[in-house]
Ligand code: SAM
């Protein structure tokens, strides 16, 4: 059997198409999303509708953003879904999600994301965090481990810090390759991301926080005394009450924001 053909559609690798077909897994995901009538549900990459159909069954209307023109057209022709879906044939990475905001109804976004774009897509979505209630995503299992990591662990990195800056992270479910057609080479997992209503550690300047975190983790094995020397002096780190001999994975989100806010107020003269 050609495992690339599912429900008459040949999976396109460039769009990261691995279609869910395991009904137990699909039911578990829908139960964890728990869609309710009247809510503003938005699916990224509905594909052949494996998640769309059961989610739409709980709702009168929902929105989908699908890049593949063939799949978007299929959904437009779908006997049941076409009436319920507001279909945007578009690239979710460039999509302005603000256009989907409804009065007094935050967005609930979900999707079995194409793994090749999952990280930049999440960063794109974080821009809309104030208007998002929650997000449920199927991702590569390793990525979910990184999102949910605690400091002092190997999985803790830039993705952890920047995600936890915006969201509470809860791993929901692990999923093996056999749940998809074609089967991916990696294990997968579903994660729930709930944007904080009030950021617990707000940065004065997000670009600076990004710069500090990137510098630190670009040289994972170095102590922050070395990896951050272009942005902050050793004495200033120490004065903030942070041990300069720590490595990037030992610093908490709060530590990073403390350093970034100091750097925002006291930028170093440009160094090479
Ligand atoms: N939701 C379906 C399922 O679970 O079976 C399909 C999941 S498949 C892993 C990813 C889906 O995202 C595909 O339908 C693909 O065409 C779509 N996609 C890929 N890149 C996209 C993008 N940049 N914006 C929106 N959709 C995209």
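Cβ coordinates are placed from backbone N, Cα and C, and glycine is handled just like the others.
Annotated S-adenosyl-L-methionine binding site per TrEMBL: 18, 20, 45, 66, 91, 112, in sequence order. Spatially close to residue 45 (S-adenosyl-L-methionine binding site) yet at least six residues away along the chain are 15, 16, 65, 66, 67, 92, 111, 112, 113, 114, judged by Cβ distances under 8 angstroms. For the recorded site, residue 45 (S-adenosyl-L-methionine binding site), the DSSP three-state label reads coil.
Residues annotated as domain 'Ribosomal RNA adenine methylase transferase N-terminal' in TrEMBL: 25-197. The average pLDDT the prediction assigns to the domain 'Ribosomal RNA adenine methylase transferase N-terminal' (25-197) is 97.
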Residue among binding-site residues 18, 112 with least C-beta crowding, 10 angstrom cut-off: 18
Densest Cβ neighbourhood among 66, 91 (binding-site residues), 10 Å radius: 66
DSSP three-state assignment (helix, strand or coil) for residue 20 (S-adenosyl-L-methionine binding site): strand
